[in-house]
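Colleague: What follows is a structure written as structure tokens; I'll ask about it next.
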Amino acid sequence: MARAHPLNVLATLDRARTQRYHFTAAAIAGTGFLAGAYDLFSIIFVARLIGRVYYADETASPGEPGGQLPHDAAVALNGVAFSGTFVGQLAFGWLGDRIGRRRAYGWTLALMAVSSAASGLSFGREAKAVLATLCFFRFWLGVGVGGSYPLSAAIIAEYANKRTRGAFVAAVHAMQGVGILLGCTVALGVCSVVPEADHVWRVILVAGAVPAALSFYLRTKLPETARYTALVAREPKRAAADMSQVLRARIQEQELDVSVGRIDDEWGLFSVQFLKSHGLHLLATSSACFFLSVTYYSQNILQKDLLGKLGWVSPSPAASMGAVQEVARLARAQALIALCGASPGYILSVVLIDVLGRRRLQLAGFTVMTLSMLALAISYDHWTSHAAGFFALYNVTFFFASVGPNTTTFVAPAELFPARLRCTCHGVAMAAGRAGAVLGAFGFLSKGADSKYASGIGTRNELFVLAGTNFLGMLMSLFVPETRGASLEVLSKEVVYESIDMFMDSNGE
């Protein structure tokens, strides 16, 4: 039989008006997420500089390539970060459900700060030594970044009220866009004051330790989430005491007549009970993450065509252009792309997610992405000679990705699963997305006779494949239930309300 537990502390959090502690929790979770986005994104500038510094061809004539990072080395730099992120999402997701969100999040932030600083201090004078140490630290940086995904999502979801929860979780995810813009800004700033290319890439990497360290400090300002304390640690009185301090109000135990139904407290992720209750949700959220990431992380191949045709970057570094000048030019181009596409999408997702709902945004986003990719693929020859149109369609794709699935695939897994498995399941969904990222970033590449990597099936055919993956993402989104306005305990089936009126109230009806 289910046991009844008074959980007025959770009901109070659900009904609480939006106030200062919501923004504090969002700042803590968002700053860590910003640090992760900065650290992963900044490698595009670092790779250019390492190529120019450690692989400079002294015999090159004017106008010939002035040093490029070997493609195998570039793949290794990105691959170790992807691998570390995959491991971190699974490991810290599991750990967040075992030792608590706050404590596990502190470990991820410490790992990110130390690894960021160590990456910039990669030692050795020869290219192989520098790359080996950089890859080592990038792996552990990836582990920390991966851990920030499930933990930051769970922290803000469990602190938020049910009316604005989507906006706060989406705002934390939107810090990814801020991290990208910060990476461009730091690269431009460092390039303007540091003349030595070997120092520039090191400063860019070390700077990533600052937001991680700041978030590590800020996390001391809030206690463990009440949902972990009450439902997982099973200390509802301590949860009520913690939230009384946060809310600056006394929480009465019998304020709301709510019962928590636990059919079997012991069933876990690999149980029949989980499969029946949440198996389809985990499959749908993980699949949507996977299909989205295939498209999202294949954009490097498209950017190579786009940026070159727009004249924003050179396809290969020219000897007449300094390394620092080249990176500054690349940073401006990346900032413009982010400002035209992803960043406005992130902002709009925060505004719309609690108005239209997660499911509608995700379906609409995948639909537009499918149509945009088809339009680019069908008339690819036309678009390659009309760079402005190419740029517009490209940004439409990633604008709607940011408004829809890029945000909603982060939000939904933080809402659908029981508190004792919330971080684990979110980590599984994000790890599926990381597997899609590997496929998107490397799966379409083949190595040519010149040892360079290019799209193995041709860019046009790749666009057709991406349209197909977006369509599959749209189909899987049909199996993701709407979570707008409902209590986390209702969504995860941890709460049984004793009257239909209370159930309707939990859904904001």
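Every residue, even glycine, has its Cβ placed from backbone N, Cα and C.
The structure displayed is predicted, hence computed values, not measured ones.
Here TrEMBL flags 21-47, 73-92, 104-123, 129-156, 168-188, 200-218, 335-356, 363-380, 392-412, 424-443, 463-480 as transmembrane segment. The domain 'Major facilitator superfamily (MFS) profile' annotation in TrEMBL covers 25-485.
For each listed feature, how buried is it and what is near it?
Modeller: Within the same chain, residues 69, 74, 77-78, 81, 85, 105, 108-109, 112-113, 116, 138, 141-142, 144-145, 148-149, 151-153, 155-156, 159-161, 164, 168, 171-180, 182-183, 186-187, 201, 204-205, 207-208, 210-212, 214-215, 218-219, 221-222, 246-247, 327, 330-331, 334 sit at least 6 positions outside the transmembrane segment (21-47) and bring their C-beta atoms closer than 8 Å to a C-beta of that stretch.
Within its own chain, the transmembrane segment (73-92) has Cβ neighbours under 8 Å at 40, 43, 46-47, 104, 107-108, 127, 131, 134-136, 138-151, 423, 427-428, 430-431, 434-435, 437-438, 441-442, 453, counting only residues six or more beyond its boundaries.
Counting residues 6+ beyond its ends, the transmembrane segment (129-156) has Cβ neighbours under 8 Å at 25-26, 28-30, 32-33, 35-36, 39-40, 43, 50, 54, 73, 76-77, 80-93, 95-96, 101-102, 104-105, 107-112, 115-116, 118-119, 122-123, 168-169, 172-173, 212, 225, 410-411, 413-414, 422-424, 426-427, 430-431, 434 in the same chain.
With a cut-off of 8 Å between Cβ atoms, the residues of this chain six or more beyond the transmembrane segment (200-218) that come close are 24, 27-28, 31-32, 34-35, 38-39, 42, 45-46, 49-50, 53, 106, 109-110, 112-114, 116-117, 119-122, 144, 179, 182-183, 186-187, 190-191, 194, 323-324, 327.
Proximity of distant same-chain residues to the transmembrane segment (335-356), defined by a Cβ-Cβ separation under 8 Å and at least 6 residues beyond the stretch ends, is recorded for 163-167, 170-171, 173-174, 176-177, 180-181, 184-185, 188, 303, 312, 391, 394-404, 406-408, 411, 484-485.
Beyond the ends of the transmembrane segment (392-412), by six or more residues, the same chain brings 149, 153, 157, 166, 169-170, 173-174, 177, 285, 288-289, 292, 295-296, 299, 302, 306, 337, 340-346, 348-349, 352-353, 358-359, 361-366, 368-369, 372-373, 375-376, 383, 429-430, 433, 473, 477, 480, 483 to within a C-beta distance below 8 angstroms of the stretch.
Within the chain carrying the transmembrane segment (463-480), a Cβ under 8 angstroms from the stretch's Cβ atoms is held by residues 280-281, 283-285, 287-288, 291-292, 294-295, 298, 302, 358-359, 362-363, 366-367, 369-370, 373-374, 376-377, 380, 405, 408, 412, 416, 444, 457, all 6 or more beyond its ends.
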Colleague: I'm checking region-level scores; what's the whole-number mean pLDDT for the domain 'Major facilitator superfamily (MFS) profile' (25-485)?
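Modeller: Mean pLDDT for the domain 'Major facilitator superfamily (MFS) profile' (25-485): 86.
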